[in-house]
Amino acid sequence: MDISGTNLMPHMQYVADMPTQIINAMQFNVECIPNIIAWMPCMTFGYLMYTEAMSIIKKQGTDPYPLLLHCWMITIDTIGTITSWYLAFTYHFFWIFVVFGIGLPIWVFMETKCIHAVIVNQEERNRHFRNLAKGDVTEKQARMWAYGMIVASACLNMYTMDMIGGITNAAVWVIWPLTNYVFPLWCWREFRARGVEEGTRDGATMRLYVILIIQISLMWVPGLSWYLGFTQFTHYPAYYVMGAAMTALCIHNAWQYSKLPPMRGTEAKSK
């Protein structure tokens, strides 16, 4: 449907035929080299956001992110996987669609592992669901609530994406940078509460904060952002203001974290 003449949401014309916009921006030619170069660190730090979280879970036995974030993101990346393979088959296996079709299940796997780590750990279950149950939260209760959050998130995300063309229009590619903005926003309360409760750096690492600062900045800084390269939809003031605010929030979180005493295990080793 041609919406270029409407005054209701004139900026929405930039989401028309997103698959073609992506293909034109990611061709192997000289004009597209800056986009391909910008894509590499964006994917790398997006991957590190999860590998660092899984490392914290393994070493400290606790997840630095809120469970709701995992339940929300697993639906985004599952939809992204389906979208990427649909586009790959539709557009003659264009390389970027195939890469995402192969790579996104890795994110889905990491999100699944993070959700599972909360469900099977009594302390983690109590921390995430203590306001929903009296006494200790059972594994069955945690599983039920986690699945409920996943279903609710899937419905909300699919409804939102359907308004900008759904799977056939690569809608998930449009909202991906906004999903990265969610990390510092949703984690702000989690990080703040954890720091007050623990009184130490338990539950996170400075490395994770640095990764978040870099990744959020890669969403909106001109010359660095891949998302600015393949569509004009992100070229509006609110997107930059939101990005700058989220980067500032990441830096604030890191500064607050740096003032906390070392983790208990680290402190013990130094004595």
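Note: Cβ is positioned from N, Cα and C throughout, glycine not excepted.
All annotation found in TrEMBL is predicted automatically rather than curated by experts.
Annotated features, as they stand in TrEMBL:
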type: TRANSMEM; residues: 36-55; note: transmembrane segment
type: TRANSMEM; residues: 93-110; note: transmembrane segment
type: TRANSMEM; residues: 144-161; note: transmembrane segment
type: TRANSMEM; residues: 167-188; note: transmembrane segment
type: TRANSMEM; residues: 208-230; note: transmembrane segment
type: TRANSMEM; residues: 236-255; note: transmembrane segment
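Annotation: stretch 36-55 has the most Cβ pairs under 8 Å to the transmembrane segment (93-110), among 36-55, 144-161, 167-188, 208-230, 236-255. Looking at 36-55, 167-188, 208-230, the range that has the most CB pairs within less than 8 A of the transmembrane segment (144-161) turns out to be 167-188.
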